[in-house]
Amino acid sequence: MDAMTLLHERNSMGKLTGPPPDRQQLDALYRAALRAPDHKQLTPWRFIEFSGEGLDRLGELFAKAEYQANPHTDDGTMDAARKKVRRAPMIIAVIAKVTPDFPKVPPIEQIISAGCAAHGILLAAQALGLGGMWRSGGYAFDTTVRQGLGLAEHDQIVGFLYLGQPGGRNKPLPERDPDDFVERWD
Ligand SMILES: Cc1cc2nc3c(=O)[nH]c(=O)nc-3n(C[C@H](O)[C@H](O)[C@H](O)COP(=O)(O)O)c2cc1C
């Protein structure tokens, strides 16, 4: 696939099956992430890869988050939280490692950079014939999840990237006209 087609036709894939990306594919995904634009070369990124039993550990953390938010939460909600992680054979949590008070690089720039890294992973996944979907849910902002993943005070989870083999048909892409979004100062 040529680069422009990839950029114009990136499409999230929510239905994902095994096997997970292999090590060679993962290396390519991370290399794409590491080319994210990065003011002052802070490399404000951290990735946590979950597969196999690691997914269940993440699911347990999601269930714990539900419980901490509401100790009266029912078993069904806790189970649903556990099962969410099994929507893909692999999840990569993309974390912005934020350095507060860094001259000229405010936290928002570091978080955007991590967002670009996530986008790089999704684009690279599609280029390799993999499927991917960026999800946050409430868990990306949850204190229990943040603690469980070892985030420092200023870090942010920018997303959970669900990755695997495409398990469904690509949805039609939305028709969007650049002119609806662009203002020109000629
Ligand atoms: C930061 C971020 C968080 C997202 N979180 C979710 C989510 O929790 N659940 C969801 O269904 N889609 C979520 N999305 C949207 C999907 O990843 C996807 O972009 C959307 O379904 C549109 O599909 P498309 O990317 O193919 O246009 C999120 C997107 C971003 C950028």
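Each Cβ is built from the backbone N, Cα and C atoms, and glycine gets one as well.
As annotated by TrEMBL, domain 'Nitroreductase' applies to 9-164.
Classification of His39 (FMN binding site) by DSSP places it within a helix. Summarising the annotation, TrEMBL assigns FMN binding site to Arg10, Asn11, Ser12, Arg35, His39, Trp134, Arg135, Ser136.
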Cβ neighbours of Ser136 (FMN binding site) where a neighbour is any other Cβ within 10 Å: 11
Candidates near ligand 1 among the binding-site residues Asn11, Ser12, Arg35, Trp134, Arg135, Ser136, judged by a Cβ under 6 angstroms: Asn11, Ser12, Trp134, Arg135, Ser136
Fewest other Cβ within 10 angstroms of its own Cβ, chosen from the binding-site residues Arg10, Arg35, His39, Arg135: Arg35
Count of other CB atoms lying within 10 Å of the CB belonging to Ser12 (FMN binding site): 14
